[in-house]
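Heads up: the structure comes next, in structure tokens.
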């Protein structure tokens with residue numbers, strides 16, 4: 001068995017390969033056919049045109065940075081104070097301009113000379129000095145309830161409108177009352193909560209204990225312990 005290939009078979013294989021290449025290039029929108037033979041004068045003119053094209057492209061690329069730097073210069077000129085563009089509008093300016101869609105509302109910002117602590121003190125003063133207002137709230141049943149806003153230093157009976165005058169409040173004698181205390185313990189696997197009253201003059205201890213009055217003015221029973229066993 002001979003594996004020798006004749007010249008005709010080689011030519012046939014080459015032609016088949018060329019046809020396949022031509023078909024593929026045709027599908028891709030190209031062609032493998034060599035350009036037709038042109039005279040030497042036309043070839044030289046084409047080469048000169050190609051050289052001129054390369055030269056013009058190189059000069060354009062060299063001039064591109066100069067053109068690109070011109071917007072930067074105009075941008076810097078607009079950012080300088082007191083300078084605007086020819087149409088009177090600019091995106092960067094030291095003063096607000098009419099027609100700027102990016103401008104927000106004209107809000108008063110805090111003075112830069114004030115520190116953070118100074119702003120906190122101002123806020124506390126406003127909160128303490130502003131008048132308190134009664135608020136009305138509606139519960140789920142549709143009933144309106146009056147609620148009172150707490151203000152530091154005000155008496156609860158004055159805030160609730162019980163009719164006491166300022167002089168009566170100042171001359172009121174403090175009456176000692178009871179202090180409600182609680183104890184939480186774990187007994188026989190169950191949590192036990194105990195509560196009782198101690199007189200206000202008795203010291204507060206970490207251990208649950210029932211104390212006696214030491215000033216002689218505390219009541220024996222108050223509204224908190226009247227139902228205690």
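Including glycine, each Cβ sits where the backbone N, Cα and C put it.
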Legend entry - Site co-member for Zn(2+) 2 according to Swiss-Prot, given 213, 215, 218, out of 197, 201: 201
Legend entry - Whole-number Å value for how far residue 218 (Zn(2+) 2 binding site) lies from residue 225 (Zn(2+) 1 binding site) (Cα to Cα): 13
Inset, instruction - Sort the binding-site residues 178, 197, 222 by C-alpha distance from residue 215 (Zn(2+) 2 binding site) and give me just the closest. - result: 178
Inset, instruction - Can you grab the distance from residue 201 (Zn(2+) 2 binding site) over to residue 222 (Zn(2+) 1 binding site)? Cα atoms, rounded to a whole Å. - result: 14
Inset, instruction - Kindly assign residue 178 (Zn(2+) 1 binding site) to one of the three DSSP-derived states: helix, strand or coil. - result: strand
Inset, instruction - Measuring Cα to Cα, tell me the gap between residue 218 (Zn(2+) 2 binding site) and residue 178 (Zn(2+) 1 binding site) in whole angstrom. - result: 7
Legend entry - Extra residues within 8 Å (Cβ to Cβ centroid of 178, 197, 222, 225), Zn(2+) 1: 177, 179, 180, 196, 198, 219, 221, 223, 224, 226, 228
